[in-house]
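The Mg(2+) binding site feature in TrEMBL is assigned to 71, 114, 116, 117, 259.
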């Protein structure tokens, strides 16, 4: 067990390895062909269930005093040893713990887990939308997070399978499948190349499958040059940090704390901002309600511009 005086970095290092394991589980379930879908109105697959068992059980074994809150309700059955990940990512263990977190105790941390963000897209084959999210909060604030993209580069992989060997087949960075992004406030965010959206362009990323009049009223008020409708909160934050979008706008109570905790850290660690539609910081203590009932507004830059354009009708409809 990690010493309480150095708990954060070992926990992040474990979360990194655990997220990679979960990503492998997500790929394996799809490859086997039986998604085991339950509750069509609130999609859940075998991959959601197995990935959450793996994440929660692996972290709880190594850090038994943590509070772990996951998206899926799981039976309290014995977890198969094959789902347990004991590893820790060595590169993270080499990093210094930011001084403000050096004396944190294990029992003071809350871990928010979305084992498969973008389940609907996963079932429909839109695999670049899918992420595994592990967020770590202290005193109600998201301070560390890990995002695994199980299918990062899968499009390049598919292209390579279809081509003969040749220069054209070398598109992409060798098309290695999957990647893991991680961050700690005060240290930074790693595993991707930071890029800003084109200056002067208002490119809005928003929900693909949970649209409503409220959502569209808010998006329209941003005077967008383009609107990207995609799945997954993790995926939308990655669009912001890789320059594909200027703002993530979701004027709806449909997003949960496990959707935003890890992505918020990555965004904040590179100078971005994630709030509710009113501009309030989200709270992640263990007693908080799971729903982000006042929506989500996230930007890498110019948060005030987008916040100022949220219509009063939208604000009054979404109560924090």
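Note: Cβ is positioned from N, Cα and C throughout, glycine not excepted.
Predicted automatically and left uncurated, TrEMBL annotations should be read as such.
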Ranked by how many other Cβ atoms lie within 10 Å of their Cβ, the binding-site residues 71, 259 are led by 259
In this structure, the one of the binding-site residues 114, 117 whose CB has the fewest other CB atoms within 10 Å is 117
Residues with Cβ closer than 8 Å to the Cβ of residue 116 (Mg(2+) binding site), same chain and 6+ apart in sequence?
-> 26, 45, 47, 48, 51, 122, 130, 132
Using the recorded Mg(2+) site (71, 114, 116, 117, 259) as reference, state which further residues of the same chain have their Cβ within 8 Å of the centre of those residues' Cβ atoms, listed in sequence order.
-> 48, 113, 115, 118, 119, 131, 132, 133, 232, 233, 234, 256, 258
